[in-house]
Amino acid sequence: MEPETGLSKPLAVVACATMAFLYVAILYAPTLILRLPAPSSIKEFMIRRFICAAISSFISLVLCAFLLPLRKREATYLLGVYGIRLDHFWQAVVFPLSLTSLMYAGSFVFKSLLLVDSWKEHMHQGEGFFFDFVKAILQNFLAGLSSTASNVLAWRNYVVAPLTEELVFRACMIPLLLCGGFEIYVVILLCPILFSLAHLNHWMEIYGRQNYSLLKAFMVVGLQLGYTVIFGSYASFLFIRTGHLVAPIVAHIFCNFMGLPMLFVRRTGMVSLAFIAGAVAFICLLCPITQPHLYNDGTDDCECWHGYFRIQARN
């Protein structure tokens, strides 16, 4: 379908590729361009990267606003195009988070088994009643939260990376590609490719700083790229279906926290059964739980990419 708005496909692709390149390139600007001295600590290094990521995200938002063929240039209108909305906020948080957690059913079962083993050991050693065990678990949990809040790497994984990456690779790129006339399934595949390529800089860091062999570095980064393509497709699907940027953001934070889903463990098949059951439930609920009417009041007057999606859905 040719776009009615005048934004061409080549321009949309070039703009998206530029934003992906900028997102990575600007991370190295303090050293290569500004010639700043090397950071004295990991905290200073990460803070520099936080600032760079914020700057590249802002530039991408401005570039996107300039290129998108909007009928109005009002802030609230543009924020709606980016999926930054307050209406149906709790649905955009709870439903995608619940859906994403199904893929981690095996991980939850594994953690539950570890918790049961810990409780049995606690009782066997006669260290108190069940209440004391629960109290110890809560204390450890709160201590972990406090430690995480002061960890700069945690801020990268759970705040800065999810926010800036979803802003650039979902909020900016998807409206451009859809307004450029690309079909939805193409967008869901194309955005994750750019998203994964933006992680290629990790190869240099892994190979250079962790003293990995060339083959091992390629294997590690290859696994990461494959995972980012899969997650990027899912995040793009969430953004297009819900019209809320918060939907892929909460999924991103949750996946960063959980890591790769647990598929199996040697001592029991419960983990594998739980993973299979969760995966089946995820596939069955993927479309029903992301029905656009659950996240939007109207279906005929949606802005930009959202209106495009409605037309495609009815066809």
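Heads up, the Cβ atoms here are built off N, Cα and C, so glycines get one too.
Remember, TrEMBL labels are computer predictions, not curated facts.
Sequence annotations record features per position, and here TrEMBL assigns domain 'CAAX prenyl protease 2/Lysostaphin resistance protein A-like' to 152-258.
Annotation comment: TrEMBL describes 12-34 (among others) as transmembrane segment.
Residues 7, 11-12, 15, 18-19, 22-23, 26-27, 29-30, 36, 39, 78, 81-82, 152-153, 155-156, 160-161, 163-164, 167-168, 171-172, 175-176, 179, 304 of the same chain, all 6+ positions outside the transmembrane segment (46-68), place their C-beta atoms under 8 angstroms from a C-beta of that stretch. TrEMBL lists 46-68 (among others) with the feature transmembrane segment.
Beyond its flanks by at least six residues, the transmembrane segment (88-116) meets 137, 234, 238, 242, 244, 246-248, 250-251, 254-255, 258, 261-265, 268, 270-272, 274-275, 277-279, 281-282, 285-286, 289-290, 294-297 of its own chain at Cβ-Cβ distances under 8 Å. Per TrEMBL, transmembrane segment is recorded for 88-116 (among others).
According to TrEMBL, the transmembrane segment annotation covers 137-155 (among others).
What TrEMBL lists as transmembrane segment is 167-197 (among others).
Sequence annotations record features per position, and here TrEMBL assigns transmembrane segment to 217-239 (among others).
Under the heading transmembrane segment, TrEMBL lists 245-264 (among others). Sequence-distant neighbours of the transmembrane segment (245-264) (same chain, 6+ residues past either end, Cβ-Cβ under 8 Å): 82-85, 89, 92-93, 95-97, 100-101, 103-104, 106-107, 109-110, 157-159, 161-163, 165-167, 170-171, 227, 231, 234-236, 238-239, 271-272, 275, 295.
The transmembrane segment annotation in TrEMBL covers 271-291 (among others).
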### Candidates 12-34, 167-197, 217-239; stretch with most C-beta pairs under 8 Å toward the transmembrane segment (271-291)
217-239
